[in-house]
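Visitor: Annotations for this protein, taken from Swiss-Prot, read as follows:
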MOD_RES   2  N-acetylthreonine
BINDING   61, 66, 85, 88  Zn(2+) binding site
MOD_RES   308  phosphothreonine
REPEAT    632-718  repeat 'Gelsolin-like'
């Protein structure tokens, strides 16, 4: 008999799904009392090297309002060649190609191990991938040079049939014609005036690519359609490499005390319009590189006077940021246009000051694009991260999907409340759509323009079965996720994941439901909800909501005597959940103090799209200790773990930090590691560096690497994350363990837990 932990892990590996509850309460009333909703973290393109895609199309239910895909949960009559849909119970005839099936000769989609299966659609033309580079030229020469080299490197990684385009901008916006031999030609637009797609079409003389009539069977490889601005790499590789090499800083003079005039808003608008006019509904990436904030035209985020700083959270709270609303509105309109036509927008922002990510965040957030933030294009952080965008799988294809749509089908006792993640609604109302919206709701279909193997959506459900309508003993609820997308090879693919979970009566089987709780998934699902609310609500209100939910969960599932906090017990399946909430409350996702609006937008962007493992690291960083007393070991994220004779390695997802304790730091300063008799000390210093390199080489985006020591200025990154169990207030308490006192007024986990128990057991609550 597998344990729940094994069951959860197997499901995640096979289907890319983690549910908050793995046994579902059988009535609406009981489900609302569970506090944490029935919800799932779903990774549509979860990598599964063991199951290659199958070269035929899925069999669909014949009922027009259902159209669910044949799956292992369907009942099959092999003699009559019929199958019953497990969602609407419609009886369907198998297509003629299934004539040879029997109990001993089953198609893959009926085998339980293929609860997730990927089909290749053989109809329709194979479209080329499109990459449109949008480059800011208002930056220092060495930054621009490094960026040009990175872009030239990326050209060498693109498939020869991929179409590429180039737009550069500063005070003006230039759309470069790439088909010209021996001459550079470009169309120049004013950076202060926005253009509609229609105006752009007329000015550039563009036409839409005709989509050829879909035909069955393999396609004869036709040359990819193109125009003067988007050309196949194989044709213009040398030309474009030379053109990038010749790119100069924006020639307009910048007076002293002024910022350069930068037209980011118009440049992105032209990029969106260009693709909209020529390649709607074809996989395309707009890759925008910016070295500072937009200072003119639509989408500007700050004026050109250097004495006026760019907005802070304080300015926004005091309604003293005059460009925020207008700028955000401009970029939201562009994001929605790009999402409608299925195009991805990436933003690579490298500058020492803010660049306007707060206003632009909707572009990557709604289109599934990447957001990368760094200090300079001339750092390994940017160069390595950008190179990883073009990572390839074992078949030599990019690990990116384009133009995805996710459709969810449910059995009749459960409905869909909504999704939180890098998606937009397709407004598809159906029988399985709930009235109660959470996140992007009111639909059972979403568009995800850009997908990677780790792109993860949070999907929230509502149990709608009435209290007085019992579900038959042994009944199961089913959910089907159907993801259609354009593979980087140009093929259309459909991935279908069908899962089922048992129902239980919460009045008689509450133990079964409690035992099925997945506290890690629940913590991330509640965190996404809290961060989603934080975008529109006041910070303290969100924290109060989070606390209230936690107290209610403790009251529902804790064991205690009324008004006796010391009697409170939480079972193992819930014991880590309060700790996750404690670290979430202190995290940069909900605490904006000490972060710029751009930094907050950047952190939230990544949390809203990463899978469970990475999201947990973001909430509760991992801490490893290295010492002479044994091999490296994970230790508590607590100030008591900071000891003089230890080296600590902390992984926060965004940073990898190595911290040397006081004694270790003194030995290192004295150079003991260079003496042959202290070789073991040299090995001790090297061990965390090797482990850090392993993480740095695999993560996207590449984390910031920090090497610090006791008393070092950057030790603050560690001190701000650990639980302050020792502070300046209690460091001299009798019997206090050794460790580093933290100078903070924040409450410790112990105080937080004591307070939580007191509130949970209170009869007044």
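Positions of Cβ are set from backbone N, Cα and C atoms, glycine also.
Describe each of these features in terms of where it is and what it packs against.
Guide: Around the Cβ of residue 2 (N-acetylthreonine), 9 further Cβ atoms fall within 10 Å across all displayed protein chains.
Counting every protein chain shown, 18 other Cβ atoms lie within 10 Å of the Cβ of residue 66 (Zn(2+) binding site).
Secondary structure from DSSP puts residue 308 (phosphothreonine) in coil. Over all protein chains present, the Cβ of residue 308 (phosphothreonine) has 10 other Cβ atoms lying within 10 Å.
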Visitor: Within 8 Å of the Cβ centre of 61, 66, 85, 88, which other residues of the chain have their Cβ, at the recorded Zn(2+) site?
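Guide: Surrounding the site, in chain order, are 62, 63, 67, 68, 87, 89, 90, 92.
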Visitor: DSSP-wise, what's the residue breakdown of the repeat 'Gelsolin-like' (632-718) into helix, strand and coil?
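Guide: Once the DSSP states are binned, the repeat 'Gelsolin-like' (632-718) shows 44 helix, 21 strand, 22 coil.
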Visitor: Here's one to test understanding: among the recorded positions 2, 61, 66, 88, whose C-alpha is closest in space to the C-alpha of residue 308 (phosphothreonine)?
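Guide: Given the candidates 2, 61, 66, 88, the nearest one is 66.
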Visitor: Below 8 Å Cβ to Cβ and six or more residues apart, same chain only. Which residues does that give for residue 88 (Zn(2+) binding site)?
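Guide: Same-chain residues close to residue 88 (Zn(2+) binding site) (Cβ under 8 Å, separated by 6 or more) are 61, 63, 65, 66, 68.
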Visitor: Can you tell me how many other Cβ atoms are located within 10 Å of the Cβ belonging to residue 61 (Zn(2+) binding site)?
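Guide: If we count other Cβ atoms within 10 Å of residue 61 (Zn(2+) binding site), we arrive at 23.
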Visitor: Does DSSP give residue 61 (Zn(2+) binding site) helix, strand or coil?
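Guide: DSSP assigns residue 61 (Zn(2+) binding site) to coil.
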Visitor: Enumerate same-chain residues with a sequence separation of six or more from residue 85 (Zn(2+) binding site) and a Cβ-Cβ distance below 8 A; give 'none' if the list is empty.
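Guide: Once residues fewer than 6 apart are set aside, residue 85 (Zn(2+) binding site) is near 61, 63, 66, 68, 74, 92.
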